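A.B. asks: Quick one: structure below, then a few questions.
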Amino acid sequence: MKNLRGLLLAFLVLSLGISDFLRAQDQQGFISLDCGLQADESPYTEPLTKLTFTSDADFIKSGKSGKIQNVPGMEYIKPYTVLRYFPDGVRNCYTLIVIQGTNYLIVAMFTYGNYDNLNTHPKFDLYLGPNIWTTVDLQRNVNGTRAEIIHIPRSTSLQICLVKTGTTTPLISALELRPLRNNTYIPQSGSLKTLFRVHLTDSKETVRYPEDVHDRLWSPFFMPEWRLLRTSLTVNTSDDNGYDIPEDVVVTAATPANVSSPLTISWNLETPDDLVYAYLHVAEIQSLRENDTREFNISAGQDVNYGPVSPDEFLVGTLFNTSPVKCEGGTCHLQLIKTPKSTLPPLLNAIEAFITVEFPQSETNANDVLAIKSIETSYGLSRISWQGDPCVPQQLLWDGLTCEYTNMSTPPRIHSLDLSSSELTGIIVPEIQNLTELKKLDFSNNNLTGGVPEFLAKMKSLLVINLSGNNLSGSVPQALLNKVKNGLKLNIQGNPNLCFSSSCNKKKNSIMLPVVASLASLAAIIAMIALLFVCIKRRSSSRKGPSPSQQSIETIKKRYTYAEVLAMTKKFERVLGKGGFGMVYHGYINGTEEVAVKLLSPSSAQGYKEFKTEVELLLRVYHTNLVSLVGYCDEKDHLALIYQYMVNGDLKKHFSGSSIISWVDRLNIAVDAASGLEYLHIGCKPLIVHRDVKSSNILLDDQLQAKLADFGLSRSFPIGDESHVSTLVAGTFGYLDHEYYQTNRLSEKSDVYSFGVVLLEIITNKPVIDHNRDMPHIAEWVKLMLTRGDISNIMDPKLQGVYDSGSAWKALELAMTCVNPSSLKRPNMSHVVHELKECLVSENNRTRDIDTSRSMDINLSFGTDVNPKAR
């Protein structure tokens, strides 16, 4: 008998016979990536399938684009005419955001098409996370092949990796994910790798989306030994079992031409030990006469029998084996056998067959993965090997890591991190402390600045720390020095500005590798302080607050004269705004660099103390989400702060005006502002509390990147274990933490409260205080609205419902947690940043799930010897 594969190769094109409006369906949850499509190309609707594809550039950080040549006798739809190939690295991985615990149909398409003019068809492995999924062999399937699996992700991140196994270059044409119902296609263990999916018909039509709402590909298959049944009546496919079989698949069926014979389908397996699941979809599509009976048993070998089965008239049902079957000799035989009392032969409309694929290797501990990826992002690392799972499989371990492996079912843990000689800049980032099993840290021979963070002493697992050859400064935390006495190996050689006491003026010999401050540098600093002290002392004694002679500003930033301030602002020609400090003017430095000049008003409620606080803070901190201080003026009665100019002004202005900020931009702004606060709380030593977080103190540049501003009320905590300080209450009404107001006890959680209020502004576009509401304060109003359970009445109506409801709910819940009356129940800013980034990922994923309509078949085969054949 003729093998089904030969027939499948003949049926290449899907006819388009139904009008578009009948075919229109929802692609909610679909991910359709055109691999190799240029990053700057917009998502497009494929003209034949009407499926919406987008570039894969945002989901992978490696690879190059290629375009296939024309293949005689083959026609490919647009997504399969370009590809991404991977000449560099062994493992190259896509990272997709998915819903944990959801059943997904995952499809990967591969077309070589001699894109490189080498006529060298590749062969490589395909992985899901740390486990092998299948081998892609384009040497055997020269016209292209399709890999398909039904899989339930264990986390919200799914990694699909192409792994080089020989000398040829891996490639991929398209990547597609389709959510399925969670009560369908459930094996006893593992995932289901598709062997074939066919509907029994003599037509040439392949059925997929939108007739199939899950975009399963149903290829036509029929043999001469069979008799075709067809109906023009409606077949009810709304079966309670949830398989959603398309009606086009079940309006035809096959029965044996010889009514006494069984209906038999056989297929070969690649490996004799494969375990098989078969799903039979049956519906009686004939109106049976009173004396007619159709009843049959199903046999899949000596030990597997099921029945009798009597298909329901014009109602589809799905039959499947609940336990996997092993086919003797690697050949499966499925028979539908007529029972003695049946007057009609057996009937079958469609069949799917799968083998189980076990994924025994656990992924690396989720917290370790999150931490190492945050470190990668913070330092802007771009290592070709840093793709996929950090620790497994072991032969693909990320460069610079070592991991601990217990067994395959236990998630590996990261035990050492070596980023020596990696051109790192910036501070030692706080995400390191989230590697809770880290034993060795090597950041030597980089250009790291800032201090040695206190959190290193709190990492109980750390045994070795190498920070030598950097530009670290300040004193080494005493707690860390105490751990050296208890066996910690600490190397800080080659950091000339690092010392071992808070005064940084003594040489200690009790440390492994002491650091000596340069006496010449110290003398220069003292001279600068003295000079500035003299200048400040000359200021008018009429100024309110502590005299300059009592409090000087230590700085290495540019100090401008008042005449220079007049020149850069053209005598204060253009006003940008007004704040508690005074007027803010636009200016230019050197005629090119735009700046904002904040001039202290003689009547300002803020005075020299807050001016000094802001200057000193901005001189010792740097973060991309904090406004940068360009310089200052301190000349007699003239005080001015000179900042980088932020083109789009403050966030509050955008909410009070007519401009509309999209939901994704709002989330980006929230992430930026939260990251700035996180740096103040964790990245600074001692930690800094802003004390005046509000929407008017969040400035936006030309790309809508947000930066925190106005640090005049900020407070540094003393070094030690204190969780709060007692201080006079300062801040802005509406944003002010009630607990801080009542107790005078300030902590970083006071900033968290204020940020929660800002986040509610971002979500609702409502004023913080509105006495026309039943609940004047925004947090109380939102709390009231939440009792009604309708988020649409809370979200800013300017958004017109264009947002991912999941991300909106998550952001709203986060904001309400931040404004909890009890500071103990509020999250820290690191948690806030993490949650907001997840909201952002969900929203970005939504923009790729665009509704489309019709579908067309692909023209690729399943591969060799995995398709059924009739007998």
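Note that the numbers count up from 1, one per residue, in the order the chain is shown.
A Cβ is built for glycine as well, from the same backbone N, Cα and C atoms used for every other residue.
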A.B. asks: Of the residues N297, N845, which is given the N-linked glycosylation site tag by Swiss-Prot?
C.D. replies: N297
A.B. asks: If I look at Swiss-Prot, which residue among N321, N466 would I find recorded as N-linked glycosylation site?
C.D. replies: N466
A.B. asks: Rounded to the nearest angstrom, how far is the Cα of N291 (N-linked glycosylation site) from the Cα of N407 (N-linked glycosylation site)?
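C.D. replies: It is 62 Å, counting Cα to Cα.
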A.B. asks: Report, in whole Å, the straight Cα-to-Cα distance of N447 (N-linked glycosylation site) from N466 (N-linked glycosylation site).
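C.D. replies: Spelling it out, the Cα of N466 (N-linked glycosylation site) and the Cα of N447 (N-linked glycosylation site) are 13 Å apart.
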A.B. asks: Near N434 (N-linked glycosylation site), which residues of its own chain have a C-beta under 8 A away, given they sit six or more steps off in sequence?
C.D. replies: N367, D368, L370, A371, S374
A.B. asks: Out of N143, N236, N258, N291, N447, the glycosylation sites in the record, which is closest to N297 (N-linked glycosylation site) when you go by Cα distance?
C.D. replies: N258
A.B. asks: Within a 10 Å radius of its Cβ, which of these glycosylation sites (N236, N297, N407, N447, N471) has the fewest neighbouring Cβ atoms?
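C.D. replies: N407, out of the glycosylation sites N236, N297, N407, N447, N471, has the fewest neighbouring Cβ atoms within 10 Å.
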A.B. asks: Taking the Cβ of N291 (N-linked glycosylation site) as the centre, how many other Cβ atoms fall within a 10 Å radius?
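C.D. replies: For N291 (N-linked glycosylation site), the count of other Cβ atoms within 10 Å is 6.
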A.B. asks: Find the shortest Cα-Cα separation between N258 (N-linked glycosylation site) and the glycosylation sites N143, N291, N471, and name the residue that gives it.
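C.D. replies: When the Cα distances are compared, N291 comes out closest.
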A.B. asks: Roughly how many angstrom lie between the C-alpha atoms of N291 (N-linked glycosylation site) and N447 (N-linked glycosylation site)?
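C.D. replies: That separation, Cα to Cα, works out to 89 Å.
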A.B. asks: Could you round the CA separation between N182 (N-linked glycosylation site) and N471 (N-linked glycosylation site) to a whole angstrom and send it over?
C.D. replies: 54
